[in-house]
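A.B. asks: Copying in the features that Swiss-Prot gives for the protein in this structure:
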SIGNAL    1-19  signal peptide
TOPO_DOM  20-554  topological domain 'Extracellular'
CARBOHYD  ASN75  N-linked glycosylation site
CARBOHYD  ASN161  N-linked glycosylation site
CARBOHYD  ASN215  N-linked glycosylation site
CARBOHYD  ASN276  N-linked glycosylation site
CARBOHYD  ASN277  N-linked glycosylation site
CARBOHYD  ASN307  N-linked glycosylation site
CARBOHYD  ASN324  N-linked glycosylation site
CARBOHYD  ASN453  N-linked glycosylation site
CARBOHYD  ASN477  N-linked glycosylation site
CARBOHYD  ASN527  N-linked glycosylation site
TRANSMEM  555-575  transmembrane segment
TOPO_DOM  576-607  topological domain 'Cytoplasmic'
Amino acid sequence: MNKKIIILIYLIFIKSIVGQNPVWIGGSGCNLFTDSSCWSPSTSPLTTDIVTMGVDSTQTVVDGDITITTLINNNLTLGGVEMSSTISLEIIDTSLIVSGAFSMATNSRLSLSLSDSYANSLVSGSATRNAVNVLMNLQSMQTLMVGSSFTMTGNSVLDVNRSISTINGVFTMNDDTSLFMYSKQNGDSKFTVGNSVLNDASSLNFQGQSFIFFNQTNLPSGLVLNDQSKIVAIDADNVKISGVVTLNDQSSIQLTSSRLYLDSLVTATTSSILVNNSTLSILQSIPTTFSPASAVFKGSVFTIKSNCTIQSPITMIDSVYSFNQSHTLASQFTGSNVYMIMDAAILNAGNYYDCSGCSLSMRNSIANFDSYENQGDLILSSSKLNSNAPITSNTGSIFGYYGELNQALTVESGSLGVYNEKTRLFVNGNVIVESGAKIQFYLSSPLDFSWLNTSGSLDVQSGTIIEIYVYIEILNNGSMEVIKTSNGFVTPLSTDNVKLYTYDPDNDVITDFSTTGGCEYSISITNTSVLVHTDYACQQAIITLGTDGISKGSLAGISVSMVALACFVSLGVWWKTSKKNDQRNDSQVLTNFSQNKSDDIDVERKL
């Protein structure tokens, strides 16, 4: 039979130290400040008393509910709290200040919350109580303040709903204890502790927006998960955990339709990570080793901001993998329909990269593979891809502004370049474009246009079309060398496989220039080059086949080494995302959270 004691008080913070003998509280229908049957040995606890909740004046265990809510001029500051038996304590719209330790026994429950009506009033202004001016807003409201340690045992539960609480000491969860953090409206749940340890099968559970802050004044600090303990987030929109999160033993992180942002993550080789339709971001640039027994991402985003060595298998399906700085794969990476984003990064993949239908987008970056086969989009913006074997592309496109491939390239299907993006690509070797594939170049002006420069030959096989798209509003005359080869063309080019189009990007209209009757644009094909000319004083279309290449053209003065150096030069424009309509920007990657968060460029895209 549940018995309920309503404790109506309002709390202010005062400095106190733990002392006196234990005091007990229990019974039902009591006014704690007048009825001696509720307290033993006195009718009111001192600020230094250690209070045991869940027993009556004879120290007999009493199951029941205790509710602490606001009342002017009644204040409760205690030296310590021990919740025994199956007692349930609710702290609503006020603060409980404990200078010493707080412990929860088996099956006890502590709920910290602000009511909807009170939360709304807190947002609106300020008030004065007990001659203390309190800024009545959600950021200053302390629901629970514990000066020493907080320990949970048995099956005890801590509910934090739109609460702002602080534990200055160690927060320990044992057995099957659970912490639930969630927020319905008008603010986040915030929980600040010195450091935290989870043991046995205890769990942190998140829903809505929550923030746990671990004070790093005394290292080591942060969140330590032992045994089979876990972090669980379900439909948690914006969960932030500061400090170092350490997964020991068989502990785990389990995310479903949630976003979890960590400062730093340390993983044992027996831990596990499961991310489903969620985001997991590691924000600090501290070098790290990622080594859980398993890590699976489905329909999710995984972001790492630091130098990282991947020493455990990773499986990604329909997901985004984004990283900065240096990444080394020392274990198998298996993916399907993965969009990998490198921003000022170096990837050492070796022979551990196995990704089907995957895209790689690089900005100011270098990627090193034993072998590489493109099965999606390969976007090289001031970036270089190195392979120990010739590179193949059997689907999608290869494009980007100032990209370099260190090996010969075979395009089996898809396209080299795209009609609506400028592509400038160096290939150190021969280029083969097989039947059915395309070469596409976008020419926006004689000073800024696409080109292919290969140190070998270009083999455009039967059925392959070179499509050149000229921006419809080019107004100045000039020549543009769109293809430059050192060893010429394996199969002579002609107007049968080199086509000229005009392109109106504003309306996305493409017109075959051969059908317009115009002569503003013309093509020259030599033994080693393909050039496009503009002439607004023309009388007729000019298509010429020559025998001599040009020794100095629009590519003169551009060094292959520029691409490698460009990995350390920031460009003002990155790649566009219009080519992947199934992805969307998510620019909510944590503001005002950690020192590095302002650099956290939007990388989330929902596939």
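Backbone N, Cα and C define each Cβ position, glycine as well.
How buried are these features, and what lies next to them?
C.D. replies: DSSP assigns ASN161 (N-linked glycosylation site) to a strand in the three-state reduction. Its Cβ taken as reference, ASN161 (N-linked glycosylation site) is surrounded by 20 other Cβ atoms within 10 Å in the chains shown.
Residues near ASN276 (N-linked glycosylation site) in space but far in sequence (CB under 8 A, at least 6 apart, same chain), listed by position: LEU255, THR256, SER257, LYS298, GLY299, SER300.
Following the DSSP three-state reduction, the secondary structure of ASN277 (N-linked glycosylation site) is coil. A sphere of 10 angstroms centred on the C-beta of ASN277 (N-linked glycosylation site) encloses 17 other C-beta atoms.
DSSP assigns ASN307 (N-linked glycosylation site) to coil in the three-state reduction, placing it in neither a helix nor a strand. There are 18 other Cβ atoms within 10 Å of the Cβ belonging to ASN307 (N-linked glycosylation site).
Cβ environment of ASN324 (N-linked glycosylation site): SER285, ILE304, LYS305, SER306, ASP343, ALA344, ALA345 lie under 8 Å away, each six or more residues apart in the same chain.
Of all the Cβ atoms in the protein chains shown, 18 others lie within 10 Å of the Cβ of ASN453 (N-linked glycosylation site).
The Cβ of ASN477 (N-linked glycosylation site) lies under 8 Å from the Cβ of PRO446, HIS533, THR534, ASP535, TYR536, each of these being in the same chain and 6 or more residues away along the sequence.
In the three-state DSSP classification, ASN527 (N-linked glycosylation site) falls within coil. In this view, ASN527 (N-linked glycosylation site) is surrounded by 15 other Cβ atoms within 10 Å of its Cβ, with every protein chain counted.
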A.B. asks: What mean pLDDT score does the topological domain 'Extracellular' (20-554) have in the model?
C.D. replies: 80
A.B. asks: Calculate the distance in Å between the alpha carbons (Cα) of ASN277 (N-linked glycosylation site) and ASN307 (N-linked glycosylation site), and round it to a whole number.
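C.D. replies: Just about 25 Å between their Cα atoms.
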A.B. asks: Between the glycosylation sites ASN161, ASN307, ASN453, which lies closest to ASN527 (N-linked glycosylation site), Cα to Cα?
C.D. replies: ASN453
A.B. asks: At the Cα level, what's the spacing in Å between ASN453 (N-linked glycosylation site) and ASN161 (N-linked glycosylation site), rounded?
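C.D. replies: So the Cα of ASN161 (N-linked glycosylation site) lies 61 Å away from that of ASN453 (N-linked glycosylation site).
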A.B. asks: In whole Å, how far is ASN161 (N-linked glycosylation site) from ASN307 (N-linked glycosylation site) when you measure between their Cα atoms?
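C.D. replies: Approximately 36 Å lies between the Cα of ASN307 (N-linked glycosylation site) and that of ASN161 (N-linked glycosylation site).
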